[in-house]
Amino acid sequence: MAMVDEPLYPIAVLIDELKNEDIQLRLNSIRRLSTIARALGEERTRKELIPFLSENNDDEDEVLLAMAEELGVFIPYVGGVEHAHVLLPPLETLSTVEETCVRDKAVESLCRIGAQMKENDIVDYFIPVVKRLAAGEWFTARVSSCGLFHIAYPSATDPLKTELRTIYGQLCQDDMPMVRRAAASNLGKFAATVEQSHLKTEIMSIFDDLTQDDQDSVRLLAVEGCAALGKLLEPQDCVAHILPVIVNFSQDKSWRVRYMVANQLYELCEAVGPEPTRADLVPAYVRLLRDNEAEVRIAAAGKVTKFCRILSPQLAIQHILPCVKELSSDSSQHVRSALASVIMGMAPVLGKDATIEQLLPIFLSLLKDEFPDVRLNIISKLDQVNQVIGIDLLSQSLLPAIVELAEDRHWRVRLAIIEYIPLLASQLGVGFFDDKLGALCMQWLEDKVFSIREAAANNLKRLAEEFGPEWAMQHIIPQVLEKINNPHYLYRMTILQAISLLAPVMGAEITCQKLLPVVINSSKDRVPNIKFNVAKVLQSLVPILDQSVAEKTVKPCLVELSEDPDVDVRYYANQALQACDQIMMSS
């Protein structure tokens, strides 16, 4: 008898746990649905578990969200694709709840299941769900239905297709703005499944209604529809239907709509083709660059290089450059920052002469901007300009600005400059670097901020890798080693760090001759922090050095440190000794 009752156990436990007051227990049981379904078997899952879930009206959104997610991957547990339709009723219920994230997840799961269902099952089970939701009294159901049409439509019969298009048209004119919003944001997906003949007539008339909606939140979603529909239509239809809408939207009374146009304009240009772009979209873009809302100008400024690539250099110089000049002295620092992050990309588009005449003065004004982010955005993209105008001009005009930034009072600005130094060095070449930037790199080793000193040590290592050990031996090592006598122990510590970073690049010989004696000498320092850092550095040097040197020089020094009065020094010295022994054993 016990054997017969056994399979009932999981569903009984689930029912108990799903009615438990503790939300965590309810959540756990939902997360274990697949295990329970396996225990029950496919038939009992279909007949008992799924109906029970359909009736389960938990009031906790978290539990409902977990359920909507689990049901999306439940097809294997109910007996495969032919039985997938049994999962639709619980998900249909979840698509009508008030909490948005639960509805979205339910719609996502319905789409996932619908995409795997057979055509006749979609007609028999899935399309009725879409129609019921679309006719729901409560707006939540109608919102959810908008996300399902693109799954239902391809499998429908011709009369059903006509009905679905009509229903979608009604949703686009719903009384509730939330429903119209959902219809606008899903229009592109739905339109992609509709036949060309209906696309030009019905879908375009639906789209026209949405573009004239009185709610800006609906209109701004229609902007996204412009790009999606533009890709589906023939170029001439696109110019006839989509282009006037974009031009109107670029002058919309709501700044949010104009912001969306500024963000999407590049995609829209691709949809309408080069000729209409020049005639109609360039003036629209210029208007957005001069918009009175800073947010719109930021979005438009960020696309300036992409937009110029579509145009000929003459058009870019004639129409876009005057706006760029205005934006470079915009009252909003965020607009200037957005411009600075892309303006360098304009150099290859405009060519050498225009860059030197028109763009260089703008770069320089942005490099002197009071706002650090603007300056950094320029510095980080220097390589693009270098390719166009050559190093001589670049160094004459930009070097003073770089030196100024290297001594900026904001330490984050100094830090960013240090990080770009290896890139600058590789672009500017060794001769230029020695003259102009070498002294700066040494100066940073004695900065007041630890992050700068740390970055400066890393920077020296990257420069040694870039220009080679011989160059480093001449230009870096002597100056670094000089600084080990700095009276302040924190600066001496930075030098030890620099030595440990440089040693692998310099190789065994130079490390043994030049770097190791300095480290050994520092083990006699009076500050314990220096001594235990010596132990760490020696540990890092052992793999580079010959075994005989390690035995004769490094080990005795570590043994001495392991008997130091300071507990930390002893600890690190012992750690290093153990590491030394292991390295020697393995070699």
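Cβ atoms here come from the backbone N, Cα and C positions, even for glycine.
No curator has checked TrEMBL annotations; they are predicted automatically.
The repeat 'HEAT' annotation in TrEMBL covers 10-48, 164-202, 203-241, 242-280, 281-319, 320-358, 359-397, 398-436, 437-475, 476-514, 515-553, 554-587.
The list of residues near the repeat 'HEAT' (203-241) in space but at least 6 beyond its ends in sequence, with Cβ under 8 angstroms from a Cβ of it, reads 165, 168-169, 172-173, 177, 180-181, 183-185, 187-192, 194, 248-249, 252-254, 256-257, 259-261, 264, 267-268, 270-273, 276.
Mean pLDDT, taken over the repeat 'HEAT' (203-241), works out to 73 on the 0 to 100 scale.
Within its own chain, the repeat 'HEAT' (10-48) is flanked in space by residues 56, 58, 60, 62-63, 66-67, 70, 73-74, 77-79, 83, 86, which lie at least six positions past its ends and keep a Cβ under 8 Å from the stretch. Helix, strand and coil counts under DSSP for the repeat 'HEAT' (320-358) come to 32 helix, 0 strand, 7 coil. Sorting the repeat 'HEAT' (164-202) by DSSP state (H, G, I as helix; E, B as strand; all else coil) yields 30 helix, 0 strand, 9 coil.
When DSSP labels each residue, the repeat 'HEAT' (10-48) comes out as 33 helix, 0 strand, 6 coil, counted as helix, strand and coil in that order.
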